[in-house]
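Everything below concerns the one structure shown next.
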Amino acid sequence: MAPSTEVSTVTDTQAQLQLNSTPINHALSDVVKTDDWSDFAFRPIRESTVSRAMTSRYFHDMDKFAVSDVIIVGCGSSGMSAAYVIAKNRPDLKIAIIEANVAPGGGAWLGGQLFSAMVMRKPADLFLKELEIPFEDEGDYVVVKHAALFTSTVLSKVLQFPNVKLFNATAVEDLVTRPAGPNGEITVAGVVTNWTLVTQHHDSQCCMDPNVIELSGYKNDGTRDPSKKHGVILSTTGHDGPFGAFSAKRIVAIDTNKKLGGMKGLDMNNAEAGVVKGAGAYSGVESMYFAGMEVAELEGCNRMGPTFGAMAVSGIKAGEEILKHFA
């Protein structure tokens with residue numbers, strides 16, 4: 001016998017009434033005692049206190065990370081994935097992340113054509129499991145319901161590491177280089193930085209000089225300290241664009257034996273494999289590493305389009321190589 005529709009409706013109504021009568025609880029429930037919040041108040045503060053709280057910490061970080069073990073240029077999906085792997089395994093390494101945009105995350109806030117879902121081919125799902133990011137399993141690939149869920153989760157985990165500092169709204173204008181051998185060998189030794197807004201307006205003002213973040217491994221007189229591991233730069237600035245592929249374009253000007261490959265047409269299968277396999281140390285200039293779509297520009301790989309597995313995995317691979325360097 002079919003259940004009565006009337007009984008079902010009554011049951012649903014009772015359940016809804018029970019939900020409606022449930023007390024509302026939130027973080028401020030013990031502070032606010034009136035329904036109209038008329039008793040709510042913030043603690044007093046001076047405007048100068050806020051200014052000092054921000055500037056003192058920022059300049060403390062600039063001083064602390066003026067010499068860094070790892071400099072990651074670009075805080076997109078590959079840069080964040082690399083930072084997570086390195087910071088998790090080596091809390092003793094100082095990791096500075098330089099991001100030109102105000103908002104880190106690169107193009108990983110959305111999927112293809114401004115759609116929400118993020119597609120990753122297996123076995124990239126293993127990284128999602130480690131990060132505890134839920135997804136739908138579709139067999140050979142998985143789908144995160146919104147790309148922002150991936151990006152915000154990785155970013156929040158990376159920024160919680162005490163050995164990581166993100167300098168966003170900051171552009172890398174050049175690489176610091178030094179001789180590394182008797183036959184013209186070169187090593188990168190740091191990055192030249194500036195506020196992104198300044199970098200974009202060098203042609204409108206005169207002489208707005210930059211700053212520098214130096215790699216570890218040098219004595220106070222600037223000579224190499226052989227007792228210490230040399231720091232590294234990992235560039236993950238993406239494919240060509242306003243700030244894209246910056247280090248790839250700069251490195252081929254420094255290394256005359258290398259020409260920029262240029263990203264080829266879209267081919268997901270070849271692209272993702274090529275980007276992951278090409279990620280890691282750059283052979284022509286010491287202490288330089290690449291990951292993400294910048295590898296496609298440097299090595300001439302295909303573009304992958306709206307699939308994100310290789311972005312994360314290439315960062316993991318580069319991070320693993322960097323950890324081996326510091327072992």
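Positions of Cβ are set from backbone N, Cα and C atoms, glycine also.
Annotated substrate binding site per TrEMBL: Ser78, Glu99, Ala100, Gly107, Val172, Asp209, His239, Met293, Arg303, Met304, Gly305, in sequence order.
Cβ neighbour count for Cys207 (2,3-didehydroalanine (Cys)): 5 (other Cβ atoms within 10 Å of its Cβ, all protein chains included). As annotated by TrEMBL, 2,3-didehydroalanine (Cys) applies to Cys207.
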Response to the item:
Same chain, |i - j| six or more, Cβ under 8 Å of Val172 (substrate binding site); the result in sequence order is Val73, Ile98, Ala100, Val191, Val192, Thr193, Thr237, Phe246, Ser247
Fill in: All-chain count of other Cβ atoms within 10 Å of Ser78 (substrate binding site)
37
